[in-house]
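Engineer: Submitted below is the structure of interest, expressed as structure tokens.
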């Protein structure tokens, strides 16, 4: 595998805590003004799922205040969070177990979670309500649209992408989220000194991620103190995966500082 900034190989994971498989969808990339640039095959697997009564009740209480659908409009994060604080974007929050734990560990940051799976978001909303976590906001939709249209350039302190779908079949590699254009987009949204933290349990995808990330000129080895934690909680799904011996590779880059 190519040498990569702060790569860590420390165990396995299962994608069950992320998103559940379903029929892939296709879309188009838009620029910041909303004009279509080129066709894009979406990287996520979207699936419908009914909410429990308790989840729906929590959703009805929490969503109007801390949730929003992805749109073409720039996001005013300080107004939404009610404070100006370092902003971290988590792409693909799944059921939100790691999201909630990391937000509680970093009360000084604003954490924005993007997910397409409504039942997963509902579980996260329940955790936020139960544990009274004040520093999480959630977006439902395609993370690429969030990055392209909703996030201001050079506004993010960090981006987390934990266990993106590896799309292991060669004919599906075009659906992978972490490819060169995505790295360029993420880098453009990070502040100087900001951090990109990626984790995957798929060895071949890890190599492809490392190659694409190392080729991005705005990203480099992180040789300064990180503005966000790199410690992830182990979810029950990841714990099960540890038992079968699938290795996790973690990759961390920093945006170059002038």
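Every residue, even glycine, has its Cβ placed from backbone N, Cα and C.
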Engineer: For the region 'Disordered' entry in Swiss-Prot, name the matching range from 1-42, 43-84.
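Structural biologist: That would be 1-42, per the region 'Disordered' entry in Swiss-Prot.
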Engineer: Find the one among the binding-site residues 90, 115, 142, 201 whose C-alpha lies closest to that of residue 165 (active site).
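Structural biologist: It is 201, whose Cα lies nearest.
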Engineer: What is the separation, in Å, between the Cα atoms of residue 201 (substrate binding site) and residue 90 (S-adenosyl-L-methionine binding site)?
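Structural biologist: Pair distance, Cα basis, whole Å: 18 Å.
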Engineer: Taking the Cα atoms as reference points, how far is residue 169 (substrate binding site) from residue 142 (S-adenosyl-L-methionine binding site) in Å?
Structural biologist: 22
Engineer: In Å, how large is the greatest distance between any two Cα atoms among 90, 115, 142, 165, the listed binders of S-adenosyl-L-methionine?
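Structural biologist: Farthest Cα pair among residues binding S-adenosyl-L-methionine: 15 Å.
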